Amino acid sequence: MSPANHKDSEVVLERLFFNNRLFVLLVFALVTVFLGYKMTQVKPETSFMKMIPTEHPFIQNMLRNKDDLENLGNSIRISVEAKKGDIFSAEYMSTLQKITDDVFYLPGVSRSGLKSLWTPNVRWIEVTEDGFEGGPVIPQSYDGTKDSLNRLRENILKSGQIGRLVANDFKSSIIEVPLFDQNPETGEALDYEALSKGLEQQIRQRYNSDIVDIKIIGFAKKVGDLIEGIGSITYFFAIAIGITLVLLLIYSGCFKSAIVPLVCSVIAVVWQLGLLSSLGYGLDPYSVLVPFLVFAIGISHGVQMVNSMGIESSLGADRLTAARRTFRGLYIPGMLALVSDAIGFLTLWVIEIDVIRDLAVAAGIGVAVIIFTNLFLLPILLSYIGVSQRAIRKVQKNRERKTRSWELLSYFSHPIVAPISIVLAIIGFSLGLYWSKDLKIGDLDPGAPELHPDSRYNQDNAFITHNYSTSADVLVTMVETPKEQCSTYATMSAIDQYMWRMENVPGVQSAVSLVTVSKLYIKGTNEGNPKWQTLARNPYVLNASIAQASQLFNTDCSLAPVMVFLDDHKAETLDRVVNATEAFAAEYNTPDLQFMLAAGNGGIEAATNQVIESAQDKMLLWVYGVVSILCLLTFRSLRAVVCIIIPLALTSVLCQALMAWLGIGIKVATLPVIALGVGIGVDYGIYIYSRLESFLRQGKNLQEAYYATLRTTGKAVSFTGVTLAIGVGTWIWSPIKFQADMGILLTFMFLWNMFGALWLLPALARFFVRPERLSTVITVDTQHETDTKKAVA
Amino acid sequence: MRVADQVGTSLSKLGLSKVSCIGLTVCLLFALMITALQAKENSMSTPVVFAEPSALAQQKLLIDVTTVGQSGRLVAVGDRGHILYSDDNGNTWQQAKVPTRQLLTAVYFVSAKQGWAVGHDALILATTDGGQTWQQQYKNLTTEAPLLDVWFSSEFEGFAVGAYGQILRTSNGGKSWEDWSDHIENEEEFHFNSITGLKDKREMVIAGEAGIVYYSDNQGMTWQRLESPYEGSLFGVIANGTPHGFVAFGLRGHVFRYDGSLNSWSTIPTHTEQSLFGGQYIVDGRLVLAGNGGVWLISHDYGQQFNLHKQSDRKLVSGITETADGNYILVGQGGIVKNIPQGNDLAIRP
């Protein structure tokens, strides 16, 4: 870094901004108004496609067969539980009828596929001497009397719906509601938010009573709940602003110095959201967190500015000069820190999941915006407003007082304390590595992993999985054949064999495909005799046997999904199924018969886990590689890199141990934490090391230099750590589970990175930095610096 | 020929003369053709595929179960070529080595060592070690129909019956099987669902679809059709321990008792409308039947009355037998279930 160049560019930029202050303010105001307007148009977005790794071969297979798999997918299930007794009461049945009618008219519902005890497509069948006999489960003559309720009970028993539409304990029944992804009349995409609201207001709120209890699950409901969760994050933002304001007031002791960084940081958020909206991005559950980061990073830079402004003012400079000096002194390290943040975020790009890439973009834009609002706008504003006399006095007082705490902290660089710190760090590393052995890939909790285990959705889900014989976790294998070949004996017996293999895999509950239906049909047409419950070699019999199973193969009979129902969606379970399937495919796949992974939530999670597993190391490599190179470029010293990077690495390892301890898996949501934590965490190291180095160059010994460093930036660094932690700490109360997980981990990383920089960095410096070399070799530079300072003064 | 050319050029690059190159190429092509032909031949004769050993086998569809002669061993057969045997009255089960993955429908033992099982693809399997290993004796894919029951009067003479009026006879322990359908009149090709010998082993009965019942008093040489008590299907027929007498059962809980001395049928009330698929004559006038919806029936009086039981899971049961320690083993849709009889169905031990 050549100071001469800096000076030129600084002068150019400084002149540009400070000689046209009013005009610059006007431009900023106009841009803020425009982007503020844009911001109001930003829409919540939970596109399913963005949350999955669309480039993974599993997902490619799924997307290729999307149309044929459609009727497997998007549906919701409404459980209506009888609070008194069982479902065989006139009161319950009439309520169920009303609910069924209301659900029928909800927008987005595929009415022909709607299933409940009251819909005519739910039938009972019985084998008699004359062949089949059957009818709707609710008899034509139903009138709510005891007799007709008894008929209903018999019909349900004969219908085979126990465990599917009727709970195993007869205390609840289900309304199955298939949805249109696209409205067939208008072609509009399904409005999850409206549907979810409709379900809440017109179904749950209206009918929840002392007669029945409503429970609703399904992908669409989950998305609705997520959108609702995005909304509630606004409150957290307000809380974060409030707490930060209080801390700023305490820190600076001056209203002006508190409000200016706050306003500038809010403007940064407005710009960031406005730009996102202008670029056509929506707010998804991940990118909604970026404003918090932008706000917190903005505040931390703002604090540096205000801090410097106070110091300059206390030295006697007027507002404008103080602001100009502040700008001049901080704009380079500020840019450097922000650029390293941005690069940290951009390494998220290696995760091939759109929602994370959008997060990278949103965070990148946010950081870029901070350069304008907090490095440019803020000093200009300060040049008008200035800081109060109280703040200036506080700075002076601080400078004169030999702060006891900083003195104590400076012992971290002491020749006796430093080795102890290093040993502690090594122990920390070892323990962290040991504990993080238990770290798992993927989601570990049952139910919808996006939401808290005790959220209403997951409670509803637990109720339904407990009382019905269907699992919510399903991995779908697609069996592809040439046209009209899906029902040949060769295909079907291979599928049968595959299903049996799967059922023998631990963690698999059952497998269902057209073979299941075929066998039951053949048994049924043979008077229910189990001796016939197998695939027939006769092609006519086989063809007829799957006629009823239209959902289990596509229209030209070239694709048959096999649904493998699982105990859970833990990575080990998914791995076993994937491995067993791949082994089976290797054995049985021919050009005309392909067993292909994977769809269903299990398939998607298996793919996601694979992407995450491969991205994990790549991302660590990138983020540490890039940050190291950045440090190397800045300080031209490998020793500096070691001093800055090792505390970060310790934090990363401990963060993984924390994840293992809290039972948080490595998943889409937690993978970015490392990149964000390291990208932002490196700032502390950069600030502290750069000051430390400059003091060492002045010829101070290490402990003196570190003490001087702490006195100048220690407060700003610790304040930054706390503001950042508060910004992300509020997420812990988010209704969305992964936001809460991110909150816990990022809070830990921001605080511990700060601690690592204050504690471990000086200890490492004791061993790696040689003050003699710094002070002798670079005296010229120091000389130059003092010269420029004098010149400016 | 392009491939051959390329092989030739690449060989000539290796420094071989052109003539030897052509020669080599021809040889190579010839070898390729032979291997291709062989591969085709191999794929046409399907190799023997054994049933896969699986811990789940005893929880999945099993059709028939029997007690093996004096040994007290239990043998159950069912889906995917699963044959399971137990030597501790059904507490633990081992899976036999079976050369098929087809659904097996019935099993019969003539002694502690020798037994037969039949199934789909008109399979007949035999064992000579009490059911631990099995060999295929017969298979016929052309009929596209299963065999449904098997019965032997001695270790040499036996019958297998099945769908569409299939009937096969052996007089050499199954070394060869002979189509016996010429000896029984069944123009409509009704299914023969079940075959059994009576108290006198020269007497045999076949029951089947649409209530058909056939009777033979000469070891199956000739068969006569009995007047049917019922137009619905009969899924099983078992001896009831009386001279000339037997019990037939089937659709919707129907049970009929044939009185050998009066040559007449009587309908036995069962108090269930669930179809009955399997049964066994135990000893001392004790008969057991099993059927749809987890129902099973016990008679202690040669089939004059039955007591009704229901499995709590209501899963279909189709095979039932008694163990040496006086319990009942049921098999069906949910695999193997052991039942301890209660009340007046406590088995009376000699």
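Here the Cβ of each residue, glycine as well, is placed from N, Cα and C on the backbone.
Because TrEMBL annotations are produced automatically, they should be read as predictions rather than curated entries.
Since we're looking at a predicted model, the values are computed, not measured.
Annotated transmembrane segment per TrEMBL: A:21-39 (among others), in sequence order.
According to TrEMBL, the feature transmembrane segment maps to A:233-251 (among others).
Packing against the transmembrane segment (A:258-283) from elsewhere in the chain are residues 28, 31-32, 34-39, 41-45, 47, 230, 241, 244-245, 248-249, 251-252, 290-291, 294-296, 298-299, 301-303, 305-306, 358, 361-362, 365-366, 369-370, 372-374, 377-378, 381-382, 385: each is 6 or more residues past its ends and has a CB under 8 Å from a CB in it. Annotated transmembrane segment per TrEMBL: A:258-283 (among others), in sequence order.
Look at TrEMBL and you will find A:258-384 tagged as domain 'SSD'.
TrEMBL lists A:289-309 (among others) with the feature transmembrane segment. Taking Cβ pairs closer than 8 Å, the transmembrane segment (A:289-309) reaches residues 233, 236-237, 240-241, 244, 248, 251-252, 257, 260-262, 264-266, 268-269, 272-273, 322-323, 325-326, 329-330, 334, 337-338, 341, 359, 362-363, 366-367, 369-370, 373-375, 378-379, 382, 386-387, 391, 676, 680, 683, 715-716, 719-720, 723-724, 726-728, 730-731, 739, 742 in its own chain, all 6 or more past its ends.
Under the heading transmembrane segment, TrEMBL lists A:330-351 (among others).
Within the chain carrying the transmembrane segment (A:363-387), a Cβ under 8 angstroms from the stretch's Cβ atoms is held by residues 17-18, 21, 24-25, 28, 252, 254, 256-257, 260-261, 263-265, 267-269, 271-272, 275-276, 279, 290-291, 293-294, 297-298, 301-302, 305-306, 309-310, 313, 319-320, 322-324, 326-327, 330-331, 334-335, 338, 341-342, 345-346, 348, 676, all 6 or more beyond its ends. Marked as transmembrane segment by TrEMBL: A:363-387 (among others).
Same-chain neighbours of the transmembrane segment (A:408-435): 646, 649-650, 653-654, 656-657, 660-661, 702-704, 706-707, 710, 714, 758-760, 762-767, counting only residues six or more beyond its ends whose CB sits under 8 Å from a CB of the stretch. The transmembrane segment annotation in TrEMBL covers A:408-435 (among others).
The feature transmembrane segment is assigned by TrEMBL to A:619-635 (among others). Residues 1, 336, 339-340, 343-344, 347-348, 350-351, 641, 644-645, 648-649, 652, 671, 674-675, 678-679, 682, 685-686, 689-690, 693 of the same chain lie 6 or more positions beyond the ends of the transmembrane segment (A:619-635) yet place their CB under 8 Å from a CB of it.
Beyond the transmembrane segment (A:642-664), the same-chain residues lying 6 or more positions past its ends with a Cβ under 8 Å from any Cβ of the stretch are 425, 428-429, 431-440, 444-445, 620, 624, 627-628, 631, 670, 673-674, 677-678, 681-682, 685-686, 689, 741, 744-745, 748-749, 752-753, 756-757, 759-761, 764-765, 768-769. As annotated by TrEMBL, transmembrane segment applies to A:642-664 (among others).
Summarising the annotation, TrEMBL assigns transmembrane segment to A:670-690 (among others).
The annotation transmembrane segment is assigned in TrEMBL to A:716-736 (among others). Through the fold, the transmembrane segment (A:716-736) approaches residues 225-226, 228-230, 232-233, 236-237, 239-240, 243-244, 247, 251, 285, 289, 292-293, 295-297, 299-300, 303-304, 307, 450-452, 455, 680, 683-684, 687-688, 742-744, 746-747, 750-751, 753-755, 757-758 of its own chain, all at least 6 residues removed from its boundaries and within a Cβ separation under 8 Å.
For A:742-765 (among others), the entry in TrEMBL reads transmembrane segment.
Cβ atoms under 8 Å from those of the transmembrane segment (A:233-251) belong to residues 257-259, 261-262, 266, 288-289, 291-292, 295-296, 299, 303, 715, 719, 722-723, 726-727, 730-731, 733-734, 739 of the same chain, restricted to positions at least 6 beyond its ends.
Model confidence over the domain 'SSD' (A:258-384) is summarised by a mean pLDDT of 88. For the transmembrane segment (A:742-765), same-chain residues at least 6 beyond its ends with a Cβ under 8 Å from one of its own Cβ atoms are 289, 409-410, 412-413, 417-419, 421-422, 425, 642-644, 646-648, 650-652, 654-655, 658-659, 662, 664, 669-670, 672-674, 676-678, 680-681, 684-685, 688-689, 692, 702, 706, 710, 714, 717-718, 720-722, 724-725, 728-732, 734.
Across the domain 'SSD' (A:258-384), DSSP helix (H, G, I), strand (E, B) and coil residues number 112 helix, 1 strand, 14 coil. Counting same-chain residues at least six beyond the ends of the transmembrane segment (A:21-39), those with a Cβ under 8 angstroms from any Cβ of the stretch are 267, 270-271, 273-275, 277-278, 372-373, 376-377, 380-381, 383-384.
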